[in-house]
Amino acid sequence: MYLLAESSRKQRLICLSRSSRWLNQMWGKRCMVASTKGHAQIICHPPRRPIQPISIRPSPSFSSSSRSRSLFRLPSCLHRRPTRLGIPSTFVRRCSSEIRAMATKDREVLPDVAKPVHYEVSLFDLQLGDSWGYKGIVKIDSKITRSTKEIMLNSKEIEVQKAEIFGEDGTKITQASEITYDQKSERVTLKFPQEITPSEVVLSLAFAGVMNNSMAGFYRSKYKPVAKPSPDTPREGDFHYMLSTQFESCDARRAFPCFDEPNLKATFDFEIEVPKGQTALSNMPVKSERDGSSPGLKVVSFERTPVMSTYLLAWAVGDFEYVEAMTHRRYNGKSIPVRVYTTKGLKEQARFALECAHRTVDYFSEVFEIEYPLPKADLLAVHEFAMGAMENWGLVTYRTTAVLFDEGKSDTRYKNRIAYVVAHELAHQWFGNLVTMDWWNELWLNEGFATWVGWLAVDHFYPEWNIWSQFVAEGVQQAFQLDSLRASHPIEVPVKNALEVDQIFDHISYLKGSSVIRMLSDHLGRDTFLRGVANYLKTHAYGNATTNDLWSALSEASGQDVNSFMDPWIRKIGFPVITVAEEPSQISIRQNRFLSTGDAKPEEDETTWWIPLGIKSGSKMEEVNSRALVAKTDTIHGVGQNSFYKINKDLSGFYRTNYPTDRLAKLGKSLELLSTEDKIGLIGDAAALAVSGEGSTAALLALLEGFSEEQNYLVWSQISSSLANLRSVFSQNESVAAGLKEFALRLASPAAHRLGWEFKPGEEYLIIQLRKLLIGMAGLAGDEKVITEAKRRFELWAAGQDKNAINTNLRSVIFGINVSEGGSKEFDSVKEEYLKTDSVDGKEICLAALGRTKDARLVQDYLDFVFSDKVAIQDVHNGAVSLAANSKVRHLLWEYMKGNWGTVEARLSSNNVVFERFVRMGLSKFADQSIGEDIASFFQNKDTSAYDRALVIVSDSIRTNAHYKERDEKSVLEWLQAHGYA
């Protein structure tokens, strides 16, 4: 926000964020500037007496001109001046009506006749069982911008029973004479008998809704309590229930009628009537409690929220308990309470998340140079949850496996996951909540940054985890995989209809977005980058922003024209591969778009990316050339055939590198000179180039042979991933499959035996993960000693002779080996463990292991089980992932889907996120084009709106795999035979 002040010579605009200290001294509260009817007004939260409005008369010297580098025509209300870099700086930006009018050309948005300012939401008469219905009243303080007889809001599965308009003084103006619904657009139109003139009014709506079980909107989650619950906890049969919300992206409308668009920010008052034995939570602290409408009920009211988007409103009701810690930093003179809430009996498993959370709040307050904006920070474990977590402001919700950890029973890997997810969501409290993207096409501003800074926080607290190597192995490589498909999309993807946005909550928005941010941060310098980010947040606090706003802040901080070189990375599809040609003392490099099919057409290869080369050279790789490639081709002097070098230091740049075969071999023989990230990148590039045909599978296998003495878990993780893809693609050729299995056996087994089975007290996290990975690789490659030992330990455990025979960190490996090598007995034992486990991660581990069976009859049993009510909808996709990775039986998953589509659709259609995930993850691994054609034919006449993009990814992935198999099958077999593997 901005404050207009007077200068003795001319008007000038002062960024409000730079005056926040002065405002806090005046009121001791958080304040902002709003523009109303041509005046600037300071508004504080909670509301205080406003100062005298000051008329805004922008100086002619600030008028927009043709010199502006804006990518779009500026509305007249935006007044810009060029900086020393020639990059426009926005000085007046809260002219929402004109901006919105321009935006509607590219967006399907609500008519701008009414603008929400404040909501009062009151819920009551909750039917905790049977119909699960509830009633509510929402009063929306609104500005009517032009005369109208109609007001349109968003509403889904909500019955609006009465709609009235009141004046500011409480006088009733009119009541809706007709209420109509458009289910497709999820809108309700209120028609009034008389015209409503431009004014400030209160729109009052009485409505009724349902607490669904679809993990969207206001919904119920079932669970089996581990401690005696409060008597008034909702219950049906063996299950008890908690209530919570999930509104992002377009499901606030599923809980109450509202203007459900991210740039229609408002403040919220919320209250709810609940049983007295239940705890109610919301974004803000409890303001008051009073007796409800009948004995045994209470009405809980909460303090007013800051200005925020509808998707960030949240509430929850349940039989909750919590653990608490106070921030070390003091905010406005006080520490902030940080709590993790669980259903009764689970709070002790929230200790690790709490440890992460309260430290992370302080850390981000320092990094962003803005104190945590709310008076509390609550985290809540939700038993049924479609996503990993949700950043509701002040009440962050998580699936249980992303926030609970049992020190005696949980796999250590889940600690890593919890630390990251907690940090990711808390980053959103600033990046996404305090400053929100203007529209869903810029989702990456929320998710890409929260992903990167989440890793940054975990690295700060747990440097021994080697987090940035993990990011390269997991985040960057997954982003590469999706972005190498024709089915990919730009980071900033056009979104005309907000209902389409769920399908772009993907690896491009999250992982490519964060990878590009890492590249930019490394280029600018992390301190400079974070200084620019802090300025961006201060400038746009409590408002909405665009990608260009971020680039402007980073340009100002760095003195570089960030927009000029980053624009293609954000707004163009795909990424480049650099192809290297060597001469004795120089190299020639060329950039092209990389496609996994290796057949980019000229019209698909028109982008010229700015590429930071980061060339490491010298006898110890101590020299770094930081120049960038800014054209399609270039020549680099000083390195060549006669020198040792590597491009893309630590895989900082988001691109592949295609070396001559001899250079790849040289790098493979000098692994001791490479960083962990360099090794991961080298393997990942070689594997991807083998798939595309720009490299060779023979070169990849020769490279992998050189890693037999490798001791780093994250490097082995990349080796495992690359080998798994090879074995998957060539699985139907028995000779090739057997040769690749032998290759994996000879590579992994010696390392597995060197490390052994026994965990040592205080053993490092990465060693624990390496032991698990190597034993799993060796076992699934047929190592008889590993299989025998895995069976021995499993039998002791299953017979009840020694419940400690299986170390908690080896459950996934031992269960998987025994299901894969065994039959019904082993399968049933793991299935029984799934049903009775009280380990938070146990169900995920068992479900994945069950999918390793090679028995067709057991696959049928497994799929029936996955689609029964014994498996939570949120976990159904795990069954698809496990079977898809099992080349022996993955075709049975597709046969089951075709033969039982009614069951599949009925089970998954209530939640589009889950449905899309199941289709995409379950069908992408095939390497047979005839199956791809069968899939396309099957879905041709079906409503695929929930997963149509997933089907494009499936088709592209199968085509890639099939082409790779057909092209390389013969040469791979020849190499395996020549080297004694087949």
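The backbone N, Cα and C atoms fix where each Cβ goes, glycine too.
Keep in mind that TrEMBL annotations are predicted by a computer and have not been checked by a curator.
Same-site candidate for Zn(2+) binding, as annotated by TrEMBL with His424, His428, chosen from Glu407, Glu447, Glu464: Glu447. Compute the center of the Cβ atoms of His424, His428, Glu447, which mark the site for Zn(2+); besides them, the chain residues with Cβ within 8 Å of that center are Glu391, Glu425, Ala427, Phe431, Gly432, Asn446, Phe449, Ala450, Thr451, Gly454, Tyr510. Summarising model confidence by region, the domain 'Aminopeptidase N-like N-terminal' (115-312) averages a pLDDT of 98. Taking the Cα atom of each, Glu425 (active site, proton acceptor) and Tyr510 (site 'Transition state stabilizer') are about 13 angstrom apart. Tyr510 (site 'Transition state stabilizer') and His424 (Zn(2+) binding site) are 11 Å apart (CA-CA, integer value). Tyr510 (site 'Transition state stabilizer') and Glu447 (Zn(2+) binding site) have their C-alpha atoms 5 Å apart, to the nearest angstrom. Within 10 Å of the C-beta of Tyr510 (site 'Transition state stabilizer') we count 24 further C-beta atoms, all protein chains included.
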